[in-house]
Amino acid sequence: MKTYTSHIPPQRTLMGPGPSDVSPRVLNAMARSTVGHLDPDFIGLMDETKELLQYAFKTNNALTMPISAPGSAGMEAAFVNLVEPGDTVIVCINGVFGGRMKENVIRCGAKAVVVEDDWGKQTDLNKLEDALKAHPEAKVVAFVHAETSTGVRNDAAAMCKLAQQYDCLTIVDAVTSLGGIEVAVDDWGIDAIYSGSQKCLSCVPGISPVSFSDRAVEVIQARKTPVQSWFLDMNLIVGYWGQGGKRAYHHTAPVNSIYATHESLVMLHEEGLENAWARHARLHDKLVAGLESLGIEMAVDKAYRLPQLNVVNIPEGVDDAAIRGRLLNEFNLEIGAGLGAFAGKVWRIGLMGSGCTDKNVDFCLGALKTVLN
Ligand SMILES: *Cc1c(COP(=O)(O)O)cnc(C)c1O
């Protein structure tokens, strides 16, 4: 008979597209004793977690909270709440995650107008404006701030401004951007934004911070049709995560994952947002200099590269899978493979959150040098 024993995972260094290295502080927070999800102690923690998320998102939005599921559920929450059958949504696609936004629009029974740009390039603002002009009926503009499949930063401030000029709401994917580069929900006028716990927040996977503007809340409350997803209906979730001491059961929050989320946000607050962005920028520069000295080229133009997700061209004649396999087996180091149109062509080297350190940059460069020789 087979016997089953505890699982002890290997100790890796995670420098791929996420999850990123989780600090011992966050892992320890997660191991604290579970309390009831309506325990007054937990309600206090929920309130503080919301405040810390407002800080991270740079917003005063009252409806700012973590969804009890990964980033993809945050994406779905934004679409199912704001989009109704028959609506028109302009979706900007320049990588994998923009494509998923389009899928969400279609599944809401709405019409997706696609603004498409090449992988590795920014969304073209002129094309977005043309689409806005051609579709005065459009209700929402949706785009990915930090496209993890390509390492491109889209110009979120300019895209939101354009959307507002044409009276559209905005849905922004900040899964990889939050904590790594500036995200300014109120200054940019974002209506719905979602992120993920396991990228630059360096928390365990499985939590998706979201925030909705007051304007978005009005739109959700004025819907003609019920939100198609019971679990992600913000009208119901606010009864549990909303204002005041009175909280009604909606689902059981993943209590220990919220401990971890809170701890990772406390760490971000201690460091300060601006300092966290500066750290990502500085170590990105160091990594790029080191990669270039190994003859490895960046795949994305310097003007709109993400510091936290470095997409590099795989050098000529190098076996993609063999090198990644050696990094994992000999160095316990994970870097990311290319996705979709970039499969086999690039590597994705993450410098996210707690994993964005001098030590990791040196380790990764040293390991790459060894395996490429
Ligand atoms: C990782 C990621 C997601 C999905 O998050 P999950 O937690 O894997 O569901 C969505 N958008 C972007 C840009 C991402 O990088």
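The backbone N, Cα and C atoms fix where each Cβ goes, glycine too.
Predicted automatically and left uncurated, TrEMBL annotations should be read as such.
If you look up TrEMBL, you'll see 1-20 marked as region 'Disordered'.
If you look up TrEMBL, you'll see 28-338 marked as domain 'Aminotransferase class V'. Predicted-model confidence for the domain 'Aminotransferase class V' (28-338) is 97, expressed as mean pLDDT.
The DSSP secondary structure for K199 (N6-(pyridoxal phosphate)lysine) is coil. Marked as N6-(pyridoxal phosphate)lysine by TrEMBL: K199.
What TrEMBL records for R348 is substrate binding site. Applying an 8 A CB threshold to same-chain residues 6+ apart, the list for R348 (substrate binding site) reads G16, P17, T148, S149, G151, L309, N310, V311, I335, G336, A337, G338.
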For the region 'Disordered' (1-20), sequence-distant contacts whose Cβ falls under 8 Å of one of its Cβ atoms, 6 or more beyond its ends: 148-149, 175-176, 196, 198-200, 202, 204-205, 309, 328, 331-336, 348-355, 360, 363-364
DSSP-assigned states of the region 'Disordered' (1-20) in counts, ordered helix, strand, coil: 0 helix, 3 strand, 17 coil
